[in-house]
Ligand code: URA
């Protein structure tokens, strides 16, 4: 599917190959976890592609020169619990000095609203780029709530990174948060009656942690 406005579909062959392996119901928990981490690293490379650079002086063994380094305050990776944790290490592989925020949300079975049970963020969110991570953008309920909460806490420069997105989730997120661009590895057909992405890859949290 073609990516809608505000969405970057990372169609790199390595990402696509690994995503197919993630979809496979026969992929083991161990391999699933490794693949999520690897895809996260590749998505991290793409989402940080336009980070601002500044020049600084550096002394090589041969002479003094000027060379670029990343400008501004350290990035924040905001993981939506629990499946976001599966992507965190992969992101930190590329940006090990990033700060980490956690947003814990569960879905009230009656109202279907997102209920917060944990929220811990670094200081000075307002001055940092905040990259929110969750493998699945399905209905968009958790993602929208997490973005709202992070904005309340001061975040102004936000990006959302997921592995698979449903058109419904993209529309919901872009509708409420048009200022937040999305990066993903795939956009699937839609949602089933239980809110699962189809064809999808199943429950990302369960497959990451071997639960059911
Ligand atoms: N969350 C998941 O883990 N999988 C889906 O398909 C939808 C939401």
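Every residue gets a Cβ built from N, Cα and C, even glycine.
Positions annotated as 5-phospho-alpha-D-ribose 1-diphosphate binding site by TrEMBL: 82, 107, 134, 135, 136, 137, 138, 139, 140, 141, 142, 203. Residue 82 (5-phospho-alpha-D-ribose 1-diphosphate binding site) is surrounded by 18 other CB atoms, counting those within 10 A of its CB over all protein chains shown.
Annotation comment: TrEMBL describes 197, 202, 203, 204 as uracil binding site. Residue 197 (uracil binding site) has a Cβ environment of 27 other Cβ atoms inside 10 Å.
What TrEMBL lists as domain 'Phosphoribosyltransferase' is 10-211.
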Greatest Cα separation in angstrom, residues 82, 107, 134, 135, 136, 137, 138, 139, 140, 141, 142, 203 binding 5-phospho-alpha-D-ribose 1-diphosphate per the record, works out to 16
Those binding-site residues, out of 82, 136, 138, 142, that come within 10 angstroms of residue 203 (uracil binding site) at the Cα: 136
Neighbourhood of residue 136 (5-phospho-alpha-D-ribose 1-diphosphate binding site), C-beta criterion under 8 angstroms, separation at least six: 83, 162, 163, 164, 165, 197, 200, 204
